[in-house]
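Engineer: Residues annotated as active site, proton donor in TrEMBL: HIS129. Here TrEMBL flags HIS129, ASN130, ALA131, VAL132, HIS133, ASP170, ASP279, GLN330 as AMP binding site. What TrEMBL lists as Zn(2+) 1 binding site is HIS133, HIS169, ASP170, ASP279. What TrEMBL lists as Zn(2+) 2 binding site is ASP170. The compositional bias 'Acidic residues' annotation in TrEMBL covers 388-401. The domain 'PDEase' annotation in TrEMBL covers 53-376. The region 'Disordered' feature in TrEMBL is assigned to 377-401.
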Amino acid sequence: MDVIGYYSSAQQGEVETVTRRKVKRLLSFQRYCHASRLLRGLVPHTPRSLHLLDDDYLGQAAHMLSKVGTWNFDIFLFDRLTNGNSLVTLMCHLFNVYDLIHHFQLDMVKLNRFLGMVQEDYHSQNPYHNAVHAADVTQAMYCYLREPKLAEHLSPLDIFLGLMAAAAHDVDHPGVNQPFLIKTRHHLASLYQNTSVLESHHWRSTVGMLRESGLLSHLPADMSRDIEQRLGSLILATDINRQNEFLMTFREHLDNQDLDLQLASHRHFILQIALKCADICNPCRVWELSRQWSERVCEEFYRQGDLEKKFDLEISPLCNQQSDSVPAIQIGFISYIVEPLFEEWHRFTEPSLLSQTMLDHLHKNKANWSSLRCAHTPSDVQGRSQAEEPEGEVGEGADIP
């Protein structure tokens, strides 16, 4: 569908009934499509058309997309260049890269509707669990899907599921963790019986938006249900309480050398591991980006601690700004959660240049946090931070990113 044709159909089907914000997002999506067609050579590259692209505020974003597979991709800059539409813009680009729209015969208007709903259902007031985090995880997932060890075995369905799960894995996150929902007797905790409460909500919310948008309505019912279930399996794997479960299974596969990526079940397991890696990859980014994410997630923790204090609740581990410093939290997170998983991912890739790069950044960032921790006054780090305890603290008291 050409740009004019898409705009016409989108106007008739959407603009008449949506809010001004949704209109703005639709127009941003329209500009992205135009830029994408230019990059892919579908529109003559005349000096005038390139000039118009440069004048568009998405021109620089389109240039960034040509390097979306690089590990130093700056998602914060990309979000600013897309006027806060980083998740929608990125997903549309990656769907084009993999030709998923054609393969699954997706309706462009329904796709835009679904992605817009997902992006809007992230809470922009959350310092960490917001749509920019979802876009960052999606970009990381794309890098992992391109790993030579994995790429040659992936089917279009595998890629579709991986990208969709990454984009929606934290949708409608309330900015507090599972223990907070349980001790405040939140209805979600009751609904999901105190088990994978947030992850179950992210999955069910995604399913609801898929059905409301009608994105998969043209597919056979059994195929749609299968996609929904597989998305659930991927999103539920991000539950930090299941970290050791997945880590041990992954390690056993690697020790036994019995992973067969010709098998759909084994590919699905690796997609689960890839999503888990993407979800906690911030310490593996360059320091300038990694530090921003660390400060954001700790700010979200501290806000929860302030809320707990306000209502005379016990302050959750990692959420007390007076005793849990950012460096201490990050050192514990890297040591007990990130390093073990990425060391096994390094083994799996045999190793790849990307996995080596990530480990190099991880070790440098850990050293940086150690230096910053030493620079704190004794009162800043009085007592041992809960983040440094290897047993119990993560699963019971914190929703680590």
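Just so you know, glycine gets a Cβ as well, placed from its N, Cα and C.
Burial and contacts for the listed features, if you can.
Structural biologist: Taking the Cβ of HIS129 (active site, proton donor) as centre and 10 Å as the limit, one finds 25 other Cβ atoms among all the protein chains shown.
Within 10 Å of the C-beta atom of ASN130 (AMP binding site) sit 23 other C-beta atoms, taking all shown protein chains into account.
Note on HIS133 (AMP binding site): other Cβ atoms within 10 Å of its Cβ, all shown chains, come to 24.
Take the CB of ASP170 (AMP binding site) and look out to 10 A: across all protein chains shown you find 27 other CB atoms.
The average pLDDT computed for the domain 'PDEase' (53-376) is 97.
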Engineer: Which one is closest to HIS129 (active site, proton donor) in space, judged by CA to CA distance, out of the binding-site residues HIS169, ASP170, ASP279, GLN330?
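Structural biologist: That would be ASP170, the closest of HIS169, ASP170, ASP279, GLN330 to HIS129 (active site, proton donor).
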Engineer: Enter the number of other CB atoms within 10 angstroms of the CB of VAL132 (AMP binding site).
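Structural biologist: I count 23 other Cβ atoms within 10 Å of it.
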Engineer: Using all protein chains in view, find how many other C-beta atoms are within 10 Å of the C-beta of GLN330 (AMP binding site).
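Structural biologist: GLN330 (AMP binding site): 29 neighbouring Cβ atoms within 10 Å.
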Engineer: Let me check the 10 A CB neighbour count of HIS169 (Zn(2+) 1 binding site). How many other CB atoms are there?
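Structural biologist: Cβ-Cβ neighbours of HIS169 (Zn(2+) 1 binding site) within 10 Å number 27.
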Engineer: Around the C-beta of ASP279 (AMP binding site), how many further C-beta atoms are within 10 angstroms, looking at every protein chain?
Structural biologist: 24
Engineer: Out of VAL132, ASP279, GLN330, the binding-site residues in the record, which is closest to HIS169 (Zn(2+) 1 binding site) when you go by Cα distance?
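Structural biologist: Looking at Cα distances from HIS169 (Zn(2+) 1 binding site), the smallest one goes to ASP279.
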Engineer: Where the record says HIS129, ASN130, ALA131, VAL132, HIS133, ASP170, ASP279, GLN330 bind AMP, what is the longest distance in Å from one Cα to another among those residues?
Structural biologist: 22
